[in-house]
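K.L.:
Below you'll find the structure I mean.
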C-alpha cells in the first residue's frame, strides 16, 4: 500500500512539465541539485530552534525585560467555585445575562459577584506582558536564518525576475541556498510546533494556515528545483518580520515613541513588499512567465495556489495593520496589537464610574444589567 502511494505521489507528470523528470536532477559533471531527502535536515534544525528559544527566553529576554522595568504581573486568584468553574470550562467563558442569573441561583451569589468572578477567571488565563515580551524574541531568531540569503544580492534573478526560470529545471544548487532553505524550513517547523504553547491570539487559525502553507511551499519548491523563486519569496517575507517583533517588544516595555516609529516603518515595508511586489512582480513571474516556456502542469498550479493562500493572508493582516495605524495616528495613542486579548479590571466600567462619582443614580436591577453589558462589550 505504502509503495503504491509513493509511486503515485512521485509521478513525474505531477511534479515536472512534459519531457522533464527526476533524471534531470541527478548530480553530474560537478553540478549538484536539490534532493527531497535533504528536507529531513530541517527536523533537527527545528528542535535546535526550540532549544535556542528556551535558552534565549530564560537567560536573555527575561533579564532584558527586567532592565526595561517590565515585571511579571501577579494577578488576583479567583475563589474556587465548582459550579462557576464547570460553566467556565465546559460551556463558555463569557456567560449571557440569562446564564448569569441561573448561576446566581445555583451559587447564592449576586450578579456582580458572578460577573467579577468571570472577569478574574478570564484574566488568569491571559498571558502577562512578560510572557509576550519573551515571545517577541522571534526577531532575534528570525534575523539569523535570513542572513545567508544576503549572498543572493548579486545574483541576476534578484533584479531580473525572468532569470528565475533560465535553465529550469537544471539549476545548480548553491551552498547559500541550501542553508537558507534548511534554516527557514526548520524555523517555520519550530513555529508550528510551538503554537500550542505560545500566546493565543485572535488570528490563531490564520497563523496555522500560514505556517502550514509556508512549510508546503518551501518543501515543494525545493523538490522541483524552484530554488531561485523560493529564496526570493522567503527573503521578501523576512524583510519586515523583525520590525514587527521589535515593535512588540518596545510596546510591552511601554516605549511608546519607539514602538510607534518602528510600527510605521514595518507597515510601510509590509504593504510595499506583500501587497505590491509580491503579487505584481513575483506572482506575475511565477504565474505568467513559466507558461511561455512549458505547458501548465499540476506542480505549476499547486505552487501558485499556495502563493494565493499567502496573498489572501497578507490582505487579511494588511487590513488589521492599516486599521491600527489609522487609529493611533488619529488619536495619538500607542500601538496595541488587535489580535491580543486585553486585560480586564476587577470592576466593570460602570462600577468604576460610580466610585468616581460620575454616575449619580442607578437602580439595582438596571445597574446589574448595565454592568454586565458594558463588560461583555469589551474586546477580549
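Glycine is treated like the rest: Cβ placed from N, Cα and C.
Copying in the features that TrEMBL gives for the protein in this structure:
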- 39-56: transmembrane segment (TRANSMEM)
- 84-128: domain 'Homeobox' (DOMAIN)
- 121-330: domain 'TLC' (DOMAIN)
- 178-196: transmembrane segment (TRANSMEM)
- 208-227: transmembrane segment (TRANSMEM)
- 258-280: transmembrane segment (TRANSMEM)
- 300-326: transmembrane segment (TRANSMEM)
- 343-352: compositional bias 'Acidic residues' (COMPBIAS)
- 364-380: compositional bias 'Polar residues' (COMPBIAS)
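Thinking about packing and proximity, how do these listed features fit into the structure?
P.N.:
A Cβ distance under 8 Å defines the sequence-distant neighbours of the transmembrane segment (178-196), meaning residues of its chain 6+ beyond its ends; these are 34, 38-39, 41-50, 53, 141-142, 144-145, 148-149, 204, 207-208, 211-212, 214-215, 218-219, 222, 227, 230-231, 234.
Within the same chain, residues 233, 236-237, 239-240, 243-244, 246-247, 250-251, 310-311, 314-315, 317-318, 321-322, 324-325, 328, 334-335 sit at least 6 positions outside the transmembrane segment (258-280) and bring their C-beta atoms closer than 8 Å to a C-beta of that stretch.
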K.L.:
Determine which residues of the chain contact the transmembrane segment (208-227) at the Cβ level, with the cut-off under 8 Å and only residues 6 or more beyond its ends counted.
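P.N.:
Distant contacts of the transmembrane segment (208-227): 15-16, 25, 33-34, 36, 38-39, 168-171, 173, 177, 181, 184-185, 188-189, 191-192, 195, 233-234, 299, 302-303, 306-307, 309-310, 313.
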